[in-house]
């Protein structure tokens, strides 16, 4: 088991190195960093000075090493567009995105699993059919359309909830939170539903199909043949086996929530990392793009690592076979 | 009054083409302490009866007629809750595959105690105690420790015994065992059957043993029922039915069973239901380029053949772990003879066949064909043209997306022996010769039965006029009557076309019917190698003796 | 030889379970109808659209903001679905927009399919280190949500390409970005199916006569691993259309000179608060109808081709 964990950690490190290489290559080769930083009016001395300062005269591998070293310390250089250190901008923006992501992920996973189990167990019931059909509409509705529809109904038409921004925020240390004010919560409702809805339908459909698959297995048939009650068969035998594949995909879905936050933030003008990133792409602000890429890959890799470890706790077959 | 009485039971599955009648007015009864064998070929409806008794018919299948009664009370048509109370409590079921019957994520103790507590009013501790007793009863060693283990920590035979323990949790009156030993090796099969027999006697349980295996029926059951296409054709005491079968179908079935104690020239084919198709060996032999047999020169000389498989991959070659599947095996195959290799699963017999076929590389030793080496040689096309193979599973050996004529024509086309019209003509002839029609060439594999597919497989193997044929368990996926037909065909081929054969099987009676000489494999080693009759009448090695002792004796046939 | 004549083929298709099942599913028929109509509308847009929305000569700014089926205050012209701020007929912009959306959708799925099937087949059949490398890359990429990968590729391409080509190449960049972000699905499924198929005895029969590896992969394995691909391709098509719309909506996709449905929605969103709802509503409904019916078809296909799931 220890080997297994060690192997996973090593793999995660490798992934981060590769992503770092992509981020660095972007920084180094997409456009000329000097052009981007100095603009039109510059002297030869300026160029030379900056070149040495940035280490562009060093061998590639050394530059990559320095980039990684800087990245570990949270130093991603200066935004081309805003002229401020990227790390400052990210610290300022991160709380908004994380709060949004956590609330939507909670909604998506809890409701998704409950509905998935329900539709699998009652698969011939009318309510399950209604939920399944609705979910297909959910999958077909692009996130931004969900956001627009919600804004139209609850902000434009009914005027109940704000259509943009995060409301009043309270500064707790470096963290700016919207959880402590009423307007903060009100502003969170629509974006959180928008972001969570799509993931929820995906998780629900996945749980349903995995559970149906498990319910067809011999050991479920045998459990029924032994006269165990349907409740025990469903929740003791089937659910646990369903969770094994569901956990992987749910892990991936959590990653998607952070990515889809870009869309939600754009629709609701939510001042988070996603909005920052989409603006960076429009203006080819490479340091911000690179930093964002590194940051979320650390998040993704961590999520995946946690998922792998969860497996070990659920599946006894992984526990003692070294794998 | 019998313990379990089934009267005129009919089960239907509605399909696009109308209702499919899986069970058609079947009647049978089971007494306490009695093992009732339910035998028939695939699709005869025997498993459907078992599932119908349990009330677990897969939708849209349903009972359309007749009754099932337990101790005089009707149980067919009970509602779900009542049926659930009955299942496990009074009727239990054992499924075929012990590997998939247990929940992999729960310990066997958890699965036992939950079942016990579902039926008996016991505390967790009492249930645990009872679970340990049950494991002792089915002879799991050291039950106190093993009860905390997960299914994957047990061997296949042990798992099937745990499944039996689970079925016994609440002391049921009836146990339905659906092919309980088909997935097990012969030695394990004998132990499990003995256990079932003993439990039936001791606990006075009525057992319905569903099987396709006449050997199991003969050695284990007291009473038997023979089914054919959903109908019961004959029932009675096992000794009577086997000894003096009355119905023509039972007679044909019993005639087709390979005898363990004597070698027959051909299987007597009692035709029933018009299913025998003629194999036109004379026609085939007329156009065959026969190679004359030279008895002094062996066709194959195999020496110290070794194969290792990677068990654990690692970056460093030194830390990689291998398992030896075949360990320095040597034998010769004479021209025109049938050489058999017999052994249990995992003994390495199929690996040998695949190395000879050139499908697997060789990790040691050499193979000489007609005096020329075939290992370590780059261009094998000349060798490949002279060998062909017949595979185990007729459902997987034909590419489902290719037409029959393309499948049969492929080897000859690949070796550039024939093309165009000549090829089509050869394919049509072959189809007729193996007992199909030329029109069959325009169809796809799924339109044929298992036996027909195996004939197509044979036609494909014959298209290049090979000298050597490898048969890897060619009949183990087939019903006995079809098996008899295919084995007869293979015998014809060997006699009339001077073919040399390597015949791989786990089935000793089949080996006895087919082979001139036999090698016995155990754990990658060939422990004994002798003339077939000598091996069967006077086995030398302890393992061979053990294998032969497990062979069903077909008493009373 | 060994080829079916056309009538034989037709006969097989007509007698197949597939059509029979289709005929029994009103939802599937309806979806198929909607998809067909929309695709036809897009293909023949230049002939059936009432106006050419990108021909500046035919545009009249006076027609701007005309509500659906009402007469314009100044010109008296009527438009079935109204006009936008520039006076463009919304119906025509939708028809032309669908061309871009569908083209990007189909092309990127095709790209992802070819890439994914080839790599999955190679990884599954050859195994060993080839498999390890391909599937590691796939795993890493799967960690990153496809929409993000597409955005990154789009961003990088934008940085690399000279400004004057950006708009021109935007569509192709989109196709590659979406395609590259989606190949993993195909590769994983094809690899999984290949692992099963390669151990079947018909493959052994082909190896036995010494057929070369590429032929075995192409002739024997490929046809047997394609049916799950069809399902994934359909679902991917819906995803690709949505991805394209999303990127365009965010302003990192189709340029305003070649607006897709997503671009139209982006434009329409600006008029949501001021009451010109039709500029937003109709493109949004079209996108929903398209994505929903493709998804419904995919769902039905999955159930049909995988009978045990029913």
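The backbone N, Cα and C atoms fix where each Cβ goes, glycine too.
Automatic prediction, not curation, is the source of TrEMBL annotations.
Range with TrEMBL annotation transmembrane segment, chosen from C:73-99, C:100-126, is C:100-126. Transmembrane segment is the annotation TrEMBL gives to one range among C:199-224, C:225-250, and that range is C:225-250. Using a cut-off of 8 Å between Cβ atoms, the transmembrane segment (C:169-190) and the transmembrane segment (C:100-126) share at least three residue pairs, counting only pairs 6 or more apart in sequence. Contact between the transmembrane segment (C:27-49) and the transmembrane segment (C:277-301) holds: at least three of their C-beta pairs are under 8 Å, each pair 6 or more apart in sequence. Remote same-chain partners of the transmembrane segment (C:277-301), defined as residues 6 or more beyond its termini with a Cβ less than 8 Å from a stretch Cβ, comprise 25, 27-28, 30-32, 34-35, 38, 67-68, 81-82, 84-85, 90-91, 93-94, 97-98, 101-102, 230-231, 234-235, 237-238, 241-242, 245, 261-262, 264-265, 267-269, 271.
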